[in-house]
Amino acid sequence: QSVKESEGGLFKPTDTLTLTCTVSGFSLSGYDMSWVRQAPGKGLEWIGVIYASGSTYYATWAKSRSTITRTSBTVBLMDSLTAQDTATYFCARGHTGLSYLKSSVDVWGPGTLVTVS
């Protein structure tokens, strides 16, 4: 059972980022899936989750600019980029929520670097 993010790359502010998380070995219909990011030198920052039911929930800062969707075997993140969004982006199985002490994540992707300049 694994998840893997698509390639990131170099973007400009106001670009729209689209990342795809491809899953293998399990069905998305049975799991919540989260997107998380980590800026250089910073801690993990939760972006949002798509629940097994298909409904979504976002961090307050991401609510107006991020969209998480899914297909049968992928989870997509779309985000309107700003200059502050350089980070490694991770897909994770489970719901990190706002507190990592209460995280239910059990599978992490390797991450993909997104540079905004």
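Cβ atoms are placed via backbone N, Cα and C, with glycine included.
Noted in Swiss-Prot for the protein shown:
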- 1-106: domain 'Ig-like' (DOMAIN)
- Gln1: pyrrolidone carboxylic acid (MOD_RES)
- Cys21-Cys91: disulfide bond (DISULFID)
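Following the DSSP three-state reduction, the secondary structure of the residue listed as 'pyrrolidone carboxylic acid' is coil. Separating the Cα atoms of Cys21 (disulfide bond) and Gln1 (pyrrolidone carboxylic acid) is a whole-number distance of 13 Å. Cys91 (disulfide bond) and Gln1 (pyrrolidone carboxylic acid) have their C-alpha atoms 13 Å apart, to the nearest angstrom. For Gln1 (pyrrolidone carboxylic acid), applying a Cβ distance below 8 Å and a minimum sequence separation of six or more within one chain yields Val23, Ser24, Gly25, Phe26, Arg93, Val107.
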